[in-house]
Amino acid sequence: MGSAALLWGWLLLGCSCGPGPPGIDAAALLTATYVLDDAGGLGRTFDGIGAVSGGGATSRLLVNYQEPYRSQILDYLFKPNFGASLHILKVEIGGDGQSTDGTEPSHMHYENDENYFRGYEWWLMKEAKKRNPKIKLIGLPWTFPAWVGKGENWPYDYPDVTAYYVVSWILGAKQYHDLDIDYVGIWNERAFSSKYIKVLRQSLDRLGLRNIGIIAADGDWNVSKEMIVDPYLNDAVEVVGAHYPGTKTVPNAILTKKKLWSSEDYSTFNDEGGAGCWARILNQNYVNGNMTSTIAWNLVASYYEELPFGRCGLMTAQEPWSGHYKVEAPIWITAHTTQFTQPGWSYLQVDGHLEGGGSFVALTDGLGNLTIIIETMTHNHSQCIRPPLPQFDVKPQRATFYLKGSFYMVETLQVWHSRLGFESGNTSLFQQLCPVKVWKGSFSLDLNVDEVYTLTTLKTGQKCGCPKPPPPHPFPSNYKDDFNIRNPPFSEAPNFADQTGVFEYFINASDPGDHVFTLRQVVVQRPITWASDADQTISVIGNFQWVNMTVTCDIYIEKQRDGGVFIAGRVDNGGIYVRRTKGVFFWVFADGTYRVTGDLAGEEILMKGLSGVRDNVWHTLTLNIQGTSASGLLNGYPLWENVTVSEPSNGWAAMGTRSFEFAQFDNFHVEAS
């Protein structure tokens with residue numbers, strides 16, 4: 001057996017105790033004692049650790065991975081006692097609008113349209129449930145289709161309509177996918193309506209869905225102020241959920257006597273600094289803020305890295321074309337809590353602050369099991385993207401724990417340890433150390449800075465591993481898609497990342513020729529927005545580093561008179577910044593004209609003229625960009641040439657429409673360098 005095989009065998013076993021942390025000068029240590037006792041009752045009930053897929057399109061590329069890599073990634077996220085072992089999966093209820101890194105399709109583009117197979121969140125929830133049948137599922141809207149607001153960019157004027165829309169998603173999850181949704185939210189990080197919350201509660205109850213809890217309001221703590229003066233609102237809400245609370249809560253939230261959650265947090269680059277942020281808030285959200293659940297945005301960085309908040313996932317999987325993915329440090333930081341606790345356990349009543357800085361939490365299942373999680377993250381190594389972190393100091397220290405009450409008889413604790421090395425490069429993640437012997441109800445531990453320890457009576461923890469994934473490789477420089485797929489597994493074509501609008505596989509039954517199977521832009525009314533969706537629709541694809549490229553695509557304008565479509569190259573922006581997108585855009589319009597612009601908004605006109613293009617006829621566009629010069633072909637013949645382009649110098653390929661309008665695309669091809 002070679003050394004690699006020995007290592008693989010050890011990973012599968014998940015046992016062995018490695019060397020402990022480097023020695024600390026015991027004489028110089030600050031020392032303190034802490035008592036863990038359940039005799040006087042327990043603290044709040046633990047509700048679990050989770051992550052968000054959505055807000056938006058953050059798992060977009062994951063579905064395009066080939067097996068076995070796709071299943072390996074899912075195992076690291078959801079499989080119990082394997083990797084992150086998440087207790088909660090929160091997904092976006094797609095609303096056709098831009099919600100951070102792209103748009104997610106709605107189950108109801110229009111009032112008379114229902115389709116519970118769009119997008120990939122249904123698939124992801126089923127994959128999570130397959131691995132962990134106990135995982136809790138949450139749905140939350142970021143945007144809504146236009147019809148919900150009846151012409152207004154606001155979802156609360158017609159609360160019955162909005163409730164009907166959201167409840168339809170819950171019912172569809174059960175009817176079509178046998179998924180039981182556990183919680184539902186209101187409107188991500190936007191205003192809440194007390195009336196709507198009560199209407200939603202009534203709608204759920206009327207349909208026998210009393211077990212589905214409402215989380216409010218997924219922004220700040222302000223909803224709690226209304227809850228304590230409105231008993232009907234208070235009854236309607238099960239969880240008060242705040243985003244990026246900085247480990248702090250407010251008195252009104254405590255007064256509601258409800259579960260308090262950090263229902264979105266982290267949102268930080270997934271290097272060791274991100275791992276430090278995550279380790280600190282997983283403990284301190286409870287220690288400082290009584291929050292019994294923390295949910296990371298986002299689950300997996302599976303979107304083009306140059307979009308906003310690139311690599312702000314617990315792990316990275318942004319190369320389905322190569323199969324490469326990376327299990328980042330936050331996965332193993334998560335495991336320190338999730339592999340040794342379960343929703344329904346209880347926190348012990350302890351202060352949780354370590355004398356030398358850092359924190360600890362202790363939890364029990366009430367059956368004699370005890371898990372203690374300790375973190376000693378320093379200020380500069382644990383800053384989250386928001387909010388700003390006040391200054392604090394953490395020192396090496398000796399902690400002595402006294403186990404009392406039902407824990408007095410504990411004799412041995414299993415030990416799992418992580419050290420974030422930062423400048424030293426001496427990082428060690430989720431290593432099992434030799435067990436700690438408890439002598440007459442006490443044990444001591446020497447803690448260095450930037451460490452995480454789990455001490456537990458449970459022997460089920462594992463650091464499992466899959467065979468190494470393939471090496472990274474850039475997006476193919478020669479890429480084609482003819483969209484000829486009769487029964488696609490997903491509604492969206494691989495690797496296209498919709499930034500405004502929704503592009504779906506379409507069967508063009510009226511075309512007996514070469515364009516039966518196409519990709520169609522289907523959103524024809526501006527949705528109730530969460531971010532600043534562009535006035536044009538756009539889907540990007542490829543390698544952001546591309547400089548020279550030839551993009552060819554067959555296009556079909558469906559909107560008469562003022563319809564229009566484009567293909568583009570060197571596209572430099574997307575996500576919440578999509579309105580400011582620059583590039584080289586080749587437009588043709590139903591009125592027989594064309595334009596070349598340096599921006600998506602169409603304001604920087606580089607060339608214009610007549611093309612002869614008509615609506616409801618297929619045409620072929622070709623855009624060629626080489627160095628500082630661009631040219632365009634229509635149906636294989638030159639239409640314009642020698643347009644000077646200086647900025648941007650690189651970017652994705654893209655296609656889209658002039659407005660929210662139906663249009664079709666076929667035989668997409670890009671060659672780039």
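Each Cβ is built from the backbone N, Cα and C atoms, and glycine gets one as well.
Curation does not apply to TrEMBL; its annotations are automatic.
Annotated active site, proton donor/acceptor per TrEMBL: E189, in sequence order. Within 10 Å of the Cβ of E189 (active site, proton donor/acceptor) there are 15 other Cβ atoms, across all protein chains.
Per TrEMBL, the feature active site, nucleophile maps to E264. Around E264 (active site, nucleophile), the C-beta neighbours below 8 angstroms that are at least 6 residues distant in the chain are V52, G55, K90, N188, E189, D218, G241, H243, Y244, I295, A296, W297.
Residues or ranges marked as domain 'Glycosyl hydrolase family 59 catalytic' in TrEMBL: 46-339.
Taken together, the residues of the domain 'Glycosyl hydrolase family 59 central' (347-462) have an average pLDDT of 97. The domain 'Glycosyl hydrolase family 59 central' annotation in TrEMBL covers 347-462.
Positions annotated as domain 'Glycosyl hydrolase family 59 C-terminal lectin' by TrEMBL: 498-672.
For 1-17, the entry in TrEMBL reads signal peptide.
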Grouping DSSP H, G, I as helix and E, B as strand, the residues of the domain 'Glycosyl hydrolase family 59 central' (347-462) number 9 helix, 52 strand, 55 coil
